[in-house]
Amino acid sequence: MNITHRPVLLAEAVTALISGPLIQEKNAAKKIVVIDGTFGRGGHTQALLKSLEMSARVISFDKDLDAISVAQQIQDPRFTIVHDSFAHMDQYAQAESVDGILLDLGISSPQVDEAHRGFSFRREGPLDMRMNTDQGLTAAEWLEQAPQEEITRVIKTYGEERFAFQIAKAIVAKREEGLSPKTTTELASLVASVVRTREAGQDPATRTFQALRIFINRELEDLELGLKAALKLLKPGARLAVISFHSLEDRIVKQFFQAHAKVEIPRGLPVREKDLPQSALEIIGRVKPSDLEISENPRARSAIMRVAEKRMGAPV
């Protein structure tokens, strides 16, 4: 199995978590618990294990069975791998018991590079796209039965594709001929026949493949649930770092951070500043990859990491 994967913003993500006040606090009796929401190929997890004390514990999650098999090779008693989405991490830890959480929302290089996974329009393979190959419909199965209006909605909403209607119409037309796309290259060719204008440096199929991957794996729904679960699990003073790779993800993270970093007071209500309820989060900042990292790993170019810290006295 190809396990080569270069994690994005590796040093920055680890620093963002371990520089939080809880982990920096020197207390021999305290057992640090950190969650890596997407194990991938273990880059962030391994870096966290190297940076934390021997008494610490790192819990990683992943839906991908290939990632789980890689994780099971790690021989470190401080490490636990969970075959589940980070959306459900609050089922595996108690409220306010975690000292730091990292969510890396990017698809891993092996997932893209291994043709049989069906994520890449550049490699011939079955049109699968499922992170967890034990669950749900493949992209091909869904395209074979979804109404044209639903295909249009998915491609437009999750791919921000302006030719969504034309692409969906072409897919359904092929389906009616008994030629519904079954492979990655069949779908990519079909999209290319419809999308006549291409953005600089971008394949015509890029947005459609992104849309189907996000939809098939419920990525945005998982992100929304995961952010809520993270806020519940973090101790006051603990940090949450989220690395996103496209505007849909980043918008959700940004809006979540902003919504929980301010306190809504009814207009006209006389409240003194010292009596204001405490907001849940303090926004620490955002980080983008350096030019050097992008030159060494072009897949990092669209990444952005946002970091927030749970306030002392914040509501659970």
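Every residue, even glycine, has its Cβ placed from backbone N, Cα and C.
Positions annotated as S-adenosyl-L-methionine binding site by Swiss-Prot: Gly42, Gly43, His44, Asp62, Phe86, Asp104, Gln111.
Under the DSSP three-state reduction, Gly43 (S-adenosyl-L-methionine binding site) is assigned to helix. For Asp62 (S-adenosyl-L-methionine binding site), the same-chain residues 6+ apart in sequence whose C-beta sits under 8 angstroms from its C-beta are Thr38, Phe39, Gly40, Ile68, Ala71, Ile81, Val82, His83. Looking at the residues that bind S-adenosyl-L-methionine per the record, Gly42, Gly43, His44, Asp62, Phe86, Asp104, Gln111, the two CA atoms farthest apart are separated by 18 Å. Each of the binding-site residues Gly43, His44, Phe86, Asp104 was scored by other CB atoms within 10 A of its CB, and the lowest score goes to Gly43.
Sparsest Cβ environment among the binding-site residues Gly42, Gln111 (other Cβ atoms counted within 10 Å): Gln111. DSSP assigns Phe86 (S-adenosyl-L-methionine binding site) to a helical segment in the three-state reduction.
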